[in-house]
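A.B. asks: First the structure, then my questions, so here it is.
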Amino acid sequence: MAIRVIPCLDVKDGRVVKGVNFVGLRDAGDPVELAAEYGRLGADEVTFLDISASTEGRATTREMVTRCAETVFVPLTVGGGVRGVDDVDVLLRAGADKVGVNTAAIAHPGMIDEVADRFGNQVIVLSVDARREPDRPSGFGVTTHGGTRSAGLDAVEWACQAVERGAGEILLNSMDADGTADGFDIEMIEAVRAAVDVPLIASGGAGKVADFVEAARAGVDAVLAASVFHYHTLTIAQIKDGLRHAGFEVR
């Protein structure tokens, strides 16, 4: 299977936040333009994280997903604030291909079963924000609230439980590595990879092409990044060339 390369965009009230500076785009805050641009540049998928605090903001994001689905021809994952089956239904109807779940699934793990039963495992991406917690059995713990609070769960055990309940994919985000550009947390990836057999996406810490190759060697099926793309540190083509050169299949 080809390794997928996935840019991630944070969306608030229907606009992209965090610096994104594509030259030539009329408005670097428009998620649809950016997603289309990433699609043209070879992205295999695009992930949106909705960080809107308000109901109105979420409604705006839904409209954005609909526009995106009409103009962007790569699979679209939307996460952030998904609280149950109804939210998943709304996003899928709007045009999302997959939906990311995180905090709500920690509070109500049965939600994973409900979504899987209704829509199929393939639509659920469990997002795990993990960091090193030496007292956990695996050495890695689950966090919430942007990494500021411990969820009291072992990251590997939680990933296994979620897969048993029907999660079709795991997005593993290292809160320690996130934003450092020092590379993915390879030990964490290897620990989760050894425990689950669903597709695994690595996130958090990428800074150079070698980081993506290292994650692929650790067994991930996809690599996700934000700032390296937004700030033009790396292009999708450079990452795919690096992976190809290292012997991995890419699309």
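Cβ atoms here come from the backbone N, Cα and C positions, even for glycine.
Pulled these features from Swiss-Prot for this protein:
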- Asp10: active site (ACT_SITE)
- Asp129: active site (ACT_SITE)
A.B. asks: Cα distance, Asp10 (active site) to Asp129 (active site), nearest Å?
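C.D. replies: So the alpha carbons of Asp129 (active site) and Asp10 (active site) sit roughly 15 Å from each other.
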A.B. asks: Among all the protein chains here, how many other CB atoms are within 10 A of the CB of Asp10 (active site)?
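C.D. replies: By my count, 18.
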A.B. asks: Have a look around Asp129 (active site) and count the other CB atoms within 10 A of its CB, chains all included.
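C.D. replies: I count 26 other Cβ atoms within 10 Å of it.
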